[in-house]
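All remarks here apply to the structure that follows.
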Number of protein chains: 2
Amino acid sequence: MSANPKFLAATAQVDSAAIQALPQSRKIYEQGSRPDIRVPFREISQDDTPTLFGGESNPPLTVYDASGPYTDPTVQIDIRKGLPELRRAWIDERQDTEVLAGPSSVYGQERLADPALTAMRFELQRPPRRALSGRNVSQMHYARKGIITPEMEFVAIRENMRIEQYIESVRQSGPDGAKLAARILRQHPGQSFGASIPKKITPEFVRDEIARGRAIIPANINHPEIEPMAIGRNFLVKINANIGNSALGSSINEEVEKMTWAIRWGGDTVMDLSTGKHIHETREWIIRNSPVPIGTVPIYQALEKVDGKAEELTWEIFRDTLIEQAEQGVDYFTIHAGVRLPFIPMTADRMTGIVSRGGSIMAKWCLAHHEESFLYTHFEDICDIMKAYDVSFSLGDGLRPGSGYDANDEAQFAELKTLGELTKVAWKHDVQVMIEGPGHVPMHLIKENMDLQLEHCDEAPFYTLGPLTTDIAPGYDHITSGIGAALIGWYGTAMLCYVTPKEHLGLPNKKDVKDGIITYKIAAHAADLAKGHPGSAIRDNALSKARFEFRWDDQFNLGLDPDTAKEFHDETLPKDSMKVAHFCSMCGPHFCSMKITQDVREYAQKQGVSADKALHQGMQEKSIEFMKKGAELYHKT
Amino acid sequence: MSANPKFLAATAQVDSAAIQALPQSRKIYEQGSRPDIRVPFREISQDDTPTLFGGESNPPLTVYDASGPYTDPTVQIDIRKGLPELRRAWIDERQDTEVLAGPSSVYGQERLADPALTAMRFELQRPPRRALSGRNVSQMHYARKGIITPEMEFVAIRENMRIEQYIESVRQSGPDGAKLAARILRQHPGQSFGASIPKKITPEFVRDEIARGRAIIPANINHPEIEPMAIGRNFLVKINANIGNSALGSSINEEVEKMTWAIRWGGDTVMDLSTGKHIHETREWIIRNSPVPIGTVPIYQALEKVDGKAEELTWEIFRDTLIEQAEQGVDYFTIHAGVRLPFIPMTADRMTGIVSRGGSIMAKWCLAHHEESFLYTHFEDICDIMKAYDVSFSLGDGLRPGSGYDANDEAQFAELKTLGELTKVAWKHDVQVMIEGPGHVPMHLIKENMDLQLEHCDEAPFYTLGPLTTDIAPGYDHITSGIGAALIGWYGTAMLCYVTPKEHLGLPNKKDVKDGIITYKIAAHAADLAKGHPGSAIRDNALSKARFEFRWDDQFNLGLDPDTAKEFHDETLPKDSMKVAHFCSMCGPHFCSMKITQDVREYAQKQGVSADKALHQGMQEKSIEFMKKGAELYHKT
């Protein structure tokens, strides 16, 4: 039940499940303005449309890809070496950082010197990098100086998802290419609640959003391995996956596997919430192997350093922890600086009190000392650390509701208002900020959270946990919260923190991680569609087309989880021949409903008129034709 | 792959999983104005609050219970005999029906006479009952005559969920009972979009809603086994589970098991969508053993009678099928009478054409004959059959969208408008009606569906499939659709038809049925909460209280699926002692966040003041107290 004592650095291996290409998928890269800006995508190839349905070819579809080099068969993965330093040259070129001799945190030095940790330590310890004295290395700082960084350009290319290139390939795919492209690109106008997403994301747009504080690119200079991504209401809605061991279980290996598993299915960032032994070492393994930004809650580790006695926490211990983690490369810190002393009594009549771990630690500290939180009083000191490494704030909602009963109460909104004040302080320092949000909120109270967040925090990205829309389904809180996540994403939340089926019950295993990720990919995508994010309907349209044309494999492969879709299909219709069957396994051949429109269209085509016209012109004739054909199409089994 | 040839009536047995009581639960009955109105509920007992948290007792909570006599250990279940005829006396007393000598449908007579079916036939064939000539036996007819039927009173008691009695028991539970009752009863004011749900449902209110057409009680006189339930926007949101075999698989036994499994987890009605062999016999087994209303799509069976050739369907064959099924006891029929000839060309440019099976059958018929649909032209003839047995209409949405692309299009809304016209025709005959809705709709287009339905159909109950909010997640369409279902339920949909993970891929097995049911119970309950349904937050509050007080077993048992919750918990903390652990398995003892508020409250209680006051008055003193206690509470493991 403790951290696995058998984990040895020397024999650590990548999870074989993480390095398989997804079915019919290949890794492609889109180059930017310089050869070292290579933005990864996944390209899913498709079968031709069966002759019966028109016979056209269906060019491969490009989708956003968070999985990093793992799914690139040309990259040799060795988790003992870590990932390549994609951003190293970009950081070097800016000439505003120095490479230190070693960790500057006391704790970091201690851990490095401890021979008992040698066997489990990530071997290739790279000396940390820090801003030169007086310099600010945050993406926001560059953005405000008018500089478009390679990170920003990378993000711009990534957000565009190669839509133009894909649509062009559809246009060129055959005589009806232009018509087909128009169909595939068509989507309903959205309802964006004030988000304004351009048709094409330019690097300048990214810069402007970062400068404005409306988006962030979490990108610690000590995490050069990341493929930059953006979090903001005018970008694709992102999702975060929480991993981390506790005193009660899970080993370093398992956590690295959870990370590679989470990004395989679409996790855009990963939070390492470890609270057990070897937090430092676990984090090093995760960061060195993570192509996505890593977030942490530094107070967890600070608490371990005082043996779990919240009242013994000090600013000095916390500060050392921030530096320790910043020098490892953590990209964003959850800081519960909004849990102020006067707010704590507001939670006294709650049903479930304070449910945020960080929030409760700070509340305990405040009560024990009868003093204002050191996170609040030292907030500008924290900003100084953040900008020396470009760590982004994730201002924690320590007073979020832990039940629908406590939703939208005085304590919660008092904290939110404080987070708004702190946002402006951070922005004064050009430090990137996002704001954490609830929690447990019934559907009709969700919008108030978004509206107040936009108002108080001046459009700094909102990053919410769920929210869970009911409390009566332990074991299914990925679903109770997926509903709330889709809604708040639609209203404007920039990143959705997943909830797994194990929420409130236990530590998620790999299956839970995947269930959480897929549920949240659904919520995020449903939000993109509802906001009217340009091009977001393309994948839906391509999959629907495949579905209508009985291209079973394409239907599986274009989906979020091809493996499960195929497995489910094969339970009912296991034979390969059934993958080309022109009927659904639900209904059987007699009851296939998808065929009727095809009959109409086929008839129309023969007549050389539009389907609509054909039906109006020649219904009578059609009925004879139809009967003849019908007898063929619906033959008995 | 065909219907299981081994199914034998003589050896048929109830699924042993269906007759277990749920953990810490017992069946109770609330008596109405007469001894034979006994409304079933499930009562979940709870542990006392641990002394540390106040030590109060927590009276058992009553929840709505769709599972029928199966979960009553005092009832001997033998599926070969079927369930007791709960409503028989009520129907008899009305003296408006006659018992026929045998089935009056040609097909029903044929099946009964076929010796090849003897071995699988449900043995105790009861002669069917029909309205006396010229009489109308619909609940709507009685309601409009001002009669409160036992069915209506039953529904009123059921909808109130014994809230008054439960709250009274909390009030009486101890010295702080009144305060506790106020807490448990507290809920946020809802946003109902025009629904107006009274604080207490009276039998007269039920009658009025039925008379108005705003609710229905599906209750065929040939299904006296049902425990009446209501579907309407001013009642609790209900869910339907689809079961049914196809030509490709599943046996009678499996379908009966799916029904008992579906109601165990909360299915309010069940649709038997069988399309394979032995539809008639399968249905008989299901109805005789179902305490919930059963719906069907009669056109499926009619099509089997013409060997799958839609163009050979006739009004006479369909009519005989309606009578056959009405005399078996089907409570509602999906009738796709809105698929009119002129609407079919409107589907020509769709991405996924016509995806409703019934819709495609009728579209094929219309095209083949170039004639208006016989369902539309014979609609009043159908009404005559419906009122002779009290079968409710579920007016089918044969032109619902099969992809987000096709959502809210001309064809869909043309059909909806027609369904509105047909609603008024049915109401002219005092026949109960609900309206089926989509389908595949992005979030921001869902409300238009509800608004137009209310407008065209004059508040007749809406009964929607999902809707699915994105098309990119085959294998997870219970979730893509659960999001849409919660939303449309909030907006006013009265019943949500579940979607299982197998949607688009295969036939659901029992696991899929349960996943679909739980997901939809969540969606329905989230909708009730958002609408502000009186008392709907009680279960959430009770569970949140249990969660805060670390009553693990209560947290499991008050949830929708105690088995899964317990199983998940035990994966991380398997020992029984951990069920009383005062920390979560997610965080371990150091990181338990739930304890802080308790510390505050405990302190306040000792001071004899409110928690809030205590904190303001004696912060300094508290801090000393707190540190002492903190050291005790957060001991090291």
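Each residue, glycine too, has its Cβ placed from N, Cα and C.
In TrEMBL, annotation is done automatically, which means it is predicted and not curated.
Record features (TrEMBL):
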type    : residues                                                                                                                         : note
BINDING : B:Asn242, B:Met271, B:Tyr300, B:His336, B:Ser356, B:Arg357, B:Gly358, B:Asp397, B:Gly398, B:Leu399, B:Arg400, B:Glu436, B:Tyr463 : substrate binding site
BINDING : B:His440, B:His504                                                                                                               : Zn(2+) binding site
BINDING : B:Cys584, B:Cys587, B:Cys592                                                                                                     : [4Fe-4S] cluster binding site
DOMAIN  : B:22-98                                                                                                                          : domain 'ThiC-associated'
REGION  : B:47-69                                                                                                                          : region 'Disordered'
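Residue counts of the region 'Disordered' (B:47-69) by helix, strand and coil are 5 helix, 4 strand, 14 coil (DSSP-based). Tertiary neighbourhood of the region 'Disordered' (B:47-69): same-chain residues 18, 27-28, 40-41, 75, 77, 83-84, 158, 161-163, 165-166, 169-170, 173-174, 176, 180, 227, 229, 236, 263-264, 266-268, 290-292, 538-539, 542, 545-546, 548-551, 553-554, 558, 580, 582, 598, 602, selected by CB-CB distance under 8 Å and a gap of 6+ residues from either end.
B:Asn242 (substrate binding site) is surrounded by 24 other CB atoms, counting those within 10 A of its CB over all protein chains shown. All protein chains included, B:His440 (Zn(2+) binding site) registers 28 other Cβ atoms within 10 Å of its own Cβ. In sequence order, the binding-site residues from B:Asn242, B:Tyr300, B:Ser356, B:Gly398, B:Tyr463, B:His504 that place a Cβ under 8 angstroms from a chain A Cβ are B:Tyr300, B:Ser356, B:His504.
Other C-beta atoms found within 10 angstroms of the C-beta of B:Gly358 (substrate binding site) number 26, with every protein chain shown included. Put simply, the two farthest-apart Cα atoms among B:Asn242, B:Met271, B:Tyr300, B:His336, B:Ser356, B:Arg357, B:Gly358, B:Asp397, B:Gly398, B:Leu399, B:Arg400, B:Glu436, B:Tyr463, the recorded binders of substrate, are 20 Å from each other. The Cβ of B:Ser356 (substrate binding site) lies under 8 Å from the Cβ of B:His336, B:Gly396, B:Asp397, B:Gly398, B:Leu399, B:Arg400, each on the same chain and at least six residues away in sequence. B:Tyr463 (substrate binding site): 27 other CB atoms within 10 A of its CB, across all protein chains. Neighbour counts of Cβ atoms within 10 Å were compared across the binding-site residues B:Arg400, B:His504; the minimum falls on B:His504. Under the DSSP three-state reduction, B:Tyr463 (substrate binding site) is assigned to strand.
The secondary structure of B:Tyr300 (substrate binding site), as reduced to three states from DSSP, is helical.
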